[in-house]
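What Swiss-Prot annotates here:
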{"type": "REGION", "residues": "149-191", "note": "region 'Disordered'"}
{"type": "COMPBIAS", "residues": "149-163", "note": "compositional bias 'Basic and acidic residues'"}
{"type": "REGION", "residues": "236-304", "note": "region 'Disordered'"}
{"type": "COMPBIAS", "residues": "294-303", "note": "compositional bias 'Basic and acidic residues'"}
{"type": "REGION", "residues": "342-668", "note": "region '5-phosphatase'"}
{"type": "BINDING", "residues": "E383, N459, K460, Y582, K583, K596, C597, R598", "note": "substrate binding site"}
{"type": "REGION", "residues": "669-782", "note": "region 'ASH'"}
{"type": "DOMAIN", "residues": "821-993", "note": "domain 'Rho-GAP'"}
Amino acid sequence: MDQSVAIQETLVEGEYCVIAVQGVLCKGDSRQSRLLGLVRYRLENDAQEHALFLYTHRRMAITGDDVSLDQIVPLSKDFMLEEVSPDGELYILGSDVTVQLNTAELKLVFQLPFGSHTRTFLQEVARACPGFDPETRDPEFEWLSRHTCAEPDAESPKPREWNSDPGTRSGFAPIGGSRHQSRNARRGLEDVLPRGPGYILLWGGAAEEPEFLLAEEMHEGGPVRGRRPLAGRRDEALEEADWEMSAGGGSRERDCAGVSNVDSSRPNGRGPDQPSGARCPEKPENSLTRQNKSKSDMSEKVRSATVTVSDKAHILSVQKFGLRDTIVRSHLVQKEENYTYIQNFRFFVGTYNVNGQSPKECLRPWLSHSALAPDVYCVGFQELDLSKEAFFFHDTPKEEEWFKAVSESLHPDAKYAKVKFVRLVGIMLLLYVKQEHAAYISEVEAETVGTGIMGRMGNKGGVAIRFQLHNTSICVVNSHLAAHTEEYERRNQDYRDICSRMQFPQVDPSQPPLTINKHDVILWLGDLNYRIEELDVGKVKKLVEEKAFQTLYAHDQLKIQVAARTIFDGFTEGEITFQPTYKYDTGSDDWDTSEKCRAPAWCDRILWKGKNITQLSYQSHMALKTSDHKPVSSVFDIGVRVVNEELYRKTLEEIVRSLDKMENANIPSVTLSKREFCFENVKYMQLQTESFTIHNSQVPCQFEFINKPDEESYCKQWLTARPSKGFLLPDSHVEIELELFVNKSTATKLNSGKDTIEDILVLHLERGKDYFLSVSGNYLPSCFGSPIHTLCYMREPILDLPLKTVSDLTLMSVQTADDRSQLENPMEIPKELWMMVDYLYRNAVQQEDLFQQPGLRPEFDHIRDCLDTGMIDQLCANNHSVAEALLLFLESLPEPVICYSAYHSCLECSGNYAASKQIILTLPSFHKNVFNYLMAFLQELLKNSANNHLDENILASIFGSLLLRNPARHQKLDMAEKKKAQEFIHQFLCGPL
């Protein structure tokens, strides 16, 4: 657990705690707990000096009051840090790291917890060392004089020197400079240092080599980094979490609107003991910087407990598993029951659609209704902000308001740490745990999936947080699915999209990402928007009044869809004993009296999946009247696997000993069920899958698809193998799926013939041979991914043309196309574009939410086929599906409507309509025609805005990033560029063409 925040509170202006680690100071036979903090001081000339601050503490270091400064060790040129390990003792994988700190006057020995957090700490120390150059000025450390250390104990035992006892030996090369050690001497040490078990070399401090060398020598295959954190590793277990401590609302007597008397995480906020002039800690700059930061003024309610390793910078230092590590890890998973036991934790899960409102009432009737304080809070919101600014620019002050309201209303009988929060437009999820459990949370990740049109819009979709609690993996999902009673199939599709696209990176970057279903426990909450069907409004209200919930529940769309196993397969929902939570008149308990008069429905739901889960309550909270929804909560007892550390080490040692006895010289070999794969008639954005099975023989083996010489990936961009690597136990097998999917990135080369559906995959066995797999097939050219000028020269459908003609026209340059137009008679715009626009003009000019709702996935295939075959008369699709197909068509253009060459000019004159029109006139004729045609169509839509609810801002936001794309093809527009692009398009929507 990185307790740098507690250290930061003891520092003065100009000092910043980069990182901290909990350790044990070894003095002879005694062991004393110490908190080590790396502190940086910035001098007036922008130079930096560093020192190690050593603190004693009586309890977990959460605030500055919990620690007492014991000793300061400046990082001068004679500073060195090296690992020492007991000679002759059995090396235990995952054991603590023993390091020795050496200066000219001091020698101290510490034990630090095994894990990547300790590695990160050592690397930060390495970077902070002043270097080996004897001509470099030695730091003066005048700033340290303002600190007073505690008086040392009388007759404290002399620290053991690294060579004073025969029981220790060096395992680390020095971190830091030495007046008597040259660069060559350091390099020479690499050849003479012993290469015993667990040796790691970390070079740091060289002025000429700011990057350190990380090389690891493994013990019979190397250290094991288990799939899950080891209980008791309080520092390591928090390296992935984003904590902030909450007072949980203070005492029972404290009013909900009162101010908590705890430290603030707000930059200009103060805790009760801080003077009014106390400065805020400077923003972290190391690899522990938070990824999803809370806003700077989320104040007065939370206090920091530690900093998160939310980004992936630290992963660069994580060792990669070898074959032996994989075997050990596999055996540990198989024998998990030998060293774990089940312990129940109480989870509060809540969901609230707040309809864009600010918090107006205390949330305790919802969040603190139970007598016992929950161990974990999972709190989800939907429709946090309904403004267009939040919709298009993803920024909202409501985030801070609701975060503060939740923090004030947590159960008053406990203190809580905020682990993580994540937001996608109006969908927000907060995760808190009790302070005493914070040390056992790890591997925290947050991800979002938008299911709005083209996956761009975040008005609908899902957010999720995954984490490890002790030895159990948990995923919490908050989703807001498509609205309207008749749109249940779109809701089903939203659910499937969230499940397929929500992926969490693993600590080991070589491992494939985790999906929602790859967790032991899944909690799914949110406004799922499933309605009550086949009953009119009056009948629904009558059944509610009679409390005939079971009769009403039989008509619930979610129940019907789950029973049909189309969604939430394997999930469970508790019995519903409360009245529908939607739709009410805001500020009351009265059903909707608006013109639409929505029928009551259980839109807000909580489901779960996993073992050892008991639901204790499932209810709505009628006391809250801020929104047109009522909040819903569920309390669970969830059995979590907790590691018995002694049994874990015993199991680990048994596994290592058994592997040591395995002397198998056989080369691993496998048999493949299939080696040749043919994908016929591949179409744009239509997934094709082929599978084969790898059967292993008698030797454990690790397999991986490897890159061919001079290639950056193991396969072409349109192909993916799942999984692309893995481990097989003896006599086991695994099925590999080869997925072929052509998208905007690959379609143009396939249309032109520069690329073909042909590839060779190399399947490599660790310590074994390579197997070659042949992939072949044919691609059906499509208007998607074809240049504008190419399509203008195609008077016939693209699938009716010879492949040679399609290839030649696709490879033709824009300038050549313009020159040829004088001799030939091309169309002014692509016929495919006209087909889609004409369809929308005839059927959808008054369609509500056009270009804002996604279409149905199967209908895109139908639309694409109609365009590519020219059978426009057979086109019959949902208006939203055709609208999305139009956007996908524009997105797939290899050269956007406004050519890349004009991109920067367009941004520069985005406020000058006359200059903007002049730029359009300079475009190639086909591009100019398409632009004018689209603007005329969009202006026609705006004439019907009373019915379709479109306005210039919405259309400019949607089409701005499609018509104006950054020349750096894979670079997304930043916010400033995005606004300028929208402003450029906005001019043409409002002005005459």
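Glycine residues also receive a Cβ, built from the backbone N, Cα and C atoms like all the rest.
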The DSSP breakdown of the region 'ASH' (669-782) into helix, strand and coil residues is 6 helix, 61 strand, 47 coil
Quick note, K583 (substrate binding site): same-chain residues at least 6 apart with CB under 8 Å of its CB -> W591, D592, R598, P600, A601, D628, H629
Averaging the pLDDT values of the domain 'Rho-GAP' (821-993) gives 89
Among E383, N459, K460, Y582, K583, K596, C597, R598, which the record lists as binding substrate, the farthest-apart pair of C-alpha atoms sits at a distance in angstrom of 23
When each of the binding-site residues K460, K596, R598 is scored by other CB atoms within 10 A, the minimum falls on K596
Per DSSP (helix/strand/coil reduction), E383 (substrate binding site) sits in coil
Ordered by sequence, the long-range same-chain Cβ contacts of Y582 (substrate binding site) under 8 Å (at least 6 apart) are N353, D527, R598, P600, A601, W602, C603, D604, D628, H629, K630
